């Protein structure tokens, strides 16, 4: 792609560094900005930069936060003895939307994935293990995605804390509510049969 | 969507102002920036802002340029007597890629579209008409998209210059090279029959 302006070319190149945005899409977005008032571009550039430079991570759960201790960790109505272990902040937002969880979170920041060069020390695992060692934690809920990397991460954490007095669980895998059995994949259906729950329990939830 | 950080929320909101980018995509992009070095966000923000503030438009053809007169207009090897009228800079790039055009361009900046509140005075039509009035232009090639708005714009310009000594043409509409006839839409196929070219002429192109 040949550009008639170096400034335009640089903006398009930087924009196309973002995941899922190619050169053509980047050009479309940049030309859109050119048609809008200058203030919009200034606001976008400033919002991105202050976000990147000033954003803080909660010192307890590593969730994104504007203060040292995030709203969830500092809320006295949340049960700090139950910790839900998640991969990133989007999972926290998804679980918070369900209003089904009254404990606190621990954001790992990823999954152990040797293929991508991500080892245990690149993740917030040590602080989680320290929390368990302090003895105030009663239950860890592993809510990582059900992939090879997710299972590896679960197992790595489990190995480090198995000698301590803490209950571990993983979120239930099974058929989605409202889904037809015949279209479910075999592994999910198989797991949901093995991990069946008493009918009385299912009535309550 | 509830955010744990106002900075994050503002960045996502600004990002989702861009066309085709919703809140979820914006969040994905912003979280990607958070995982990258700070320099990347700074470079993106700076590139967008300098582009928006410092970009110039060629005083002759209104193409995006870093200098007063763009490279195409200032090139002595281009035929300034033939002007190709296009909607925006992407069309210039597309036509330049074909290497089939040796004249100059005139970028209107859009099409007349009363539905979107765009009238003739929002476009660079006056400067085009002035060029024709000066008498140095021999041919105008209308290369706008073949829609109601494009046709309206063509006709509006034609009405203003019809009394002057200038040839007007539109780019040919027809079946794409390599396309099967049976899958072409009827209007295009119909036009390509009406506007058939002598077989000898087709051998040369």
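Every residue gets a Cβ built from N, Cα and C, even glycine.
TrEMBL: automatically predicted annotations, no manual curation.
On the 0 to 100 pLDDT scale, the model's mean across the zinc finger (A:58-73) is 90. Taken from TrEMBL, the feature zinc finger applies to A:58-73.
The domain 'Toprim' annotation in TrEMBL covers A:81-176.
Secondary structure of the zinc finger (A:58-73), assigned with DSSP and counted as helix (H, G, I), strand (E, B) and coil, comes to 0 helix, 2 strand, 14 coil. In the domain 'Toprim' (A:81-176), helix, strand and coil residues by DSSP number 38 helix, 21 strand, 37 coil.
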